[in-house]
Ligand code: DSN
């Protein structure tokens with residue numbers, strides 16, 4: 001952890017809450033698939049004095065003085081991002097995933113242009129054209145669905161629908177889909193209909209780097225990602241693209257949308273890119289998938305129905321219908337036992353998104369703590385006991401204690 005001594009004196013109320021949250025993270029099982037634990041080096045860069053600096057513009061072209069070191073920092077982040085992902089161009093300024101996607105749309109579409117992505121309730125994202133999001137309000141969005149039987153994306157269906165709808169941007173991107181995406185095929189469809197291919201790889205960026213998921217490059221025109229999920233960096237965003245789109249994207253980020261870039265976070269992203277380029281990170285990415293596969297097998301043995309029947313990546317989507325519990329009830333019960341998950345819609349969801357039938361789990365964070373396949377059997381066992389006995393408060397308290405003890409073997413920020 002970064003040193004909190006000054007905070008302890010200056011703002012004890014905030015200090016105490018941070019200490020409590022640290023303890024919560026340390027003593028529970030973090031299974032939200034979009035969360036992770038960053039290294040101390042990443043934390044230190046985020047907590048650095050770089051937050052003091054205004055640097056509107058780009059390296060060598062700033063609107064403020066005093067940016068000689070900031071320029072070097074941002075250029076290192078750009079160079080590392082390009083090299084890590086094998087991209088021709090990188091913009092490291094987006095503050096998170098949604099602004100990264102927004103910048104791409106602003107750069108390449110006019111209001112009213114058509115955008116096509118996976119339907120939100122089937123595993124897409126708000127920024128992929130949902131009617132409640134700017135992407136569905138400003139642009140004409142049409143969504144493809146997964147197959148009703150397999151619950152997977154059928155590329156023949158995507159092709160037919162794309163040929164009919166002719167979107168300007170065709171997205172290959174998911175947030176709750178446990179299978180691989182065929183980026184090559186998506187890009188070929190986009191090329192055939194004259195669309196720009198775009199992959200938002202926020203969930204799987206670390207798996208792509210670890211070569212346990214297909215790579216969107218060299219096929220895809222534009223790739224966006226967050227940096228805090230499987231990539232294990234600071235909470236932020238990144239745009240990678242072919243050279244020809246670079247200038248328009250830079251302009252859309254600044255001055256189009258954002259003001260001063262968060263250079264402390266950009267430095268932390270650079271640290272994360274360096275960490276992700278190591279053989280240890282590739283091993284980590286492989287272990288995420290091994291753990292997810294083992295966790296899904298164990299859950300199936302306990303009688304859980306998994307959407308698509310299993311997983312190829314870091315994520316598992318449980319359909320709880322046969323267990324007689326809703327996603328919200330399951331999430332709350334597991335919370336009481338120290339297991340953090342999030343409720344989620346399943347394909348063709350019969351319930352409401354606020355209390356859906358599904359539960360979304362993932363292994364990136366527990367893999368960062370050093371857990372392996374044998375621990376996944378224990379984790380599945382705890383999930384099963386909680387779900388099967390969700391009305392039993394004393395059992396949940398007992399499991400809470402078991403998990404607290406278990407987590408001590410996998411310390412997080414020990415000091
Ligand atoms: N909110 C993220 C997730 O949890 O998947 C997507 O942006």
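Backbone N, Cα and C atoms are what each Cβ position is placed from, and that goes for glycine too.
The feature domain 'Serine hydroxymethyltransferase-like' is assigned by TrEMBL to 7-383. Residues or ranges marked as (6S)-5,6,7,8-tetrahydrofolate binding site by TrEMBL: 120, 124, 125, 126, 243, 352, 353, 354. The site 'Plays an important role in substrate specificity' annotation in TrEMBL covers 228. Annotation comment: TrEMBL describes 229 as N6-(pyridoxal phosphate)lysine.
Local packing around the recorded positions 125, 228 was summarised as the count of other Cβ atoms within 10 Å of each Cβ; on this measure the leading residue is 228. Annotation: 124 carries the greatest number of neighbouring Cβ atoms among the binding-site residues 124, 126, 243, 354 [cut-off 10 Å, Cβ to Cβ].
If you count neighbouring Cβ atoms within 10 Å for each of the recorded positions 120, 229, 352, 353, the highest count belongs to 229. Under DSSP, residue 352 ((6S)-5,6,7,8-tetrahydrofolate binding site) is assigned to a strand (E or B) in the three-state scheme. The full span of the recorded (6S)-5,6,7,8-tetrahydrofolate binding residues, 120, 124, 125, 126, 243, 352, 353, 354, taken as their largest Cα to Cα distance, is 43 Å. Here the CA atom of residue 228 (site 'Plays an important role in substrate specificity') lies 25 Å from the CA atom of residue 243 ((6S)-5,6,7,8-tetrahydrofolate binding site).
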